[in-house]
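Undergrad: Next up is a structure, given as structure tokens.
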């Protein structure tokens with residue numbers, strides 16, 4: 001319970017895309033990004049290096065690459081708009097940078113959903129020293 005309280009307090013100080021990304025993951029993949037993907041494999045969570053360990057970790061690798069292509073705003077804090085139409089997430093708004101961040105998050109959430117069968121608990125809190133291989137290019 002204490003951990004949940006700490007997480008809640010930390011989230012209060014975070015605005016924009018990271019909170020929205022969590023909400024998209026919950027809406028699309030029906031899982032908590034925080035408790036399922038924040039420390040998974042070599043790429044899910046802060047930073048990322050080495051080779052993705054499985055298809056789920058590869059979703060995070062692609063998401064990191066997508067964020068790396070965002071240049072006109074900070075993808076971790078840019079607040080964007082989206083809607084749901086016929087069961088699909090549609091990114092909106094007039095700001096192309098924020099829309100790009102939304103697309104990165106949308107694609108990752110769909111990837112997580114589509115790869116739920118590949119999720120392997122052995123990659124949760126995967127030791128970083130196991131992520132030393134040369135990464136593939138974005």
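Glycine residues also receive a Cβ, built from the backbone N, Cα and C atoms like all the rest.
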Undergrad: Which one of 64, 72 goes with 43, 45, 47 at the Ca(2+) site, as Swiss-Prot has it?
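TA: When Swiss-Prot describes the Ca(2+) site, the candidate it includes is 64.
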Undergrad: Can you tell me the CA-to-CA distance separating residue 91 (disulfide bond) and residue 104 (disulfide bond), as a whole number of Å?
TA: 10
Undergrad: Rounded to an integer, what is the Cα-Cα distance in Å between residue 63 (active site) and residue 102 (disulfide bond)?
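TA: Between the alpha carbons of residue 63 (active site) and residue 102 (disulfide bond) there are 11 Å.
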Undergrad: What does DSSP assign residue 66 (disulfide bond), in three states?
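TA: In three-state terms, residue 66 (disulfide bond) counts as helix.
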